[in-house]
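All remarks here apply to the structure that follows.
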Amino acid sequence: MTGKKRSASSSRWLQEHFSDKYVQQAQKKGLRSRAWFKLDEIQQSDKIFKPGMTVVDLGAAPGGWSQYAVTQIGNSGRIIACDLLPMDPIVGVDFLQGDFRDELVLKALLERVGDSKVQVVMSDMAPNMCGTPAVDIPRAMYLVELALEMSRDVLAPGGSFVVKVFQGEGFDEYLREIRSLFTKVKVRKPDSSRARSREVYIVATGRKP
C-alpha cells in the first residue's frame, strides 16, 4: 500500500479494529487475537473443554483459540493445530503449517492425531473474503464441510464440534447435517463477534456413536 491512499473501506476497518474493546483487551492481556474471547464465551455457556482432553484446532493462526484451549485442558491435554499461515509456538500445541485442503497436509494431520479419537474438533477457518457474498459464502461453506468431515473421522462418541460459519446459502442444510450427527446443537453469536459480521458459531455436543 506504499505510495497509495488506503481505500475508505479499509480505513474504516482499521479504525473499527483498533477501537474495538476486545482488540484492546487482547493487547493488554498479551493474547494472540480477539478470537480468545469468542471461545471463552462459548466455554462459559457450553462447557466443551475439560482437563486432559485432546483437541484439533483448524484455522489456528495466530493462535487465539489454541491459547485459550490450553488453559482449559491443562498439562495432561493435547492440542493438534493446523493453518496455512505460520503460528508462533505455544506450549502444549503441536502445530502443522499447511493447507488443510491439500491431501498430504490432511494425511500428516491425521497421522499426528493417531489411532485414538479426540474429544473436541474446532474450526475458526475462513477464506480470503472479497466482499461479494455469492463468491465468499460458497468458499466458506466448502471449508466448514471439510471441518465437519474431519470431525467425522477423528471425533470420539460424545465429543464436541465448534465451527465458525457465515450465514447465507447452504447454512440451513449444513445445520441440519450437524443436527443429525450430534445430540445437542446450538448457534451462538458471541458478544465479541462484530455485530455486522455474518459469522456465527455452531456448537455441537454429544457426537452420536
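Positions of Cβ are set from backbone N, Cα and C atoms, glycine also.
Summarising the annotation, Swiss-Prot assigns active site, proton acceptor to K164. Around K164 (active site, proton acceptor), the same-chain residues at least 6 positions away in sequence with a Cβ under 8 Å from its Cβ are G59, S123, D124, M125, A126, V144, E199, V200, Y201.
Other Cβ atoms within 10 Å of the Cβ of W65 (S-adenosyl-L-methionine binding site), summed over all protein chains shown, number 29. The S-adenosyl-L-methionine binding site annotation in Swiss-Prot covers G63, W65, D83, D99, D124, and the record cites sequence analysis as its basis.
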(request) Tell me, if you would, which residue among D83, D99, D124 (binding-site residues) has the fewest other CB atoms within 10 Å in the structure shown? (result) D99
(request) Measure between the Cα atoms of every pair in G63, W65, D83, D99, D124, the residues the record assigns to S-adenosyl-L-methionine, and report the largest value in Å, rounded to a whole number. (result) 18
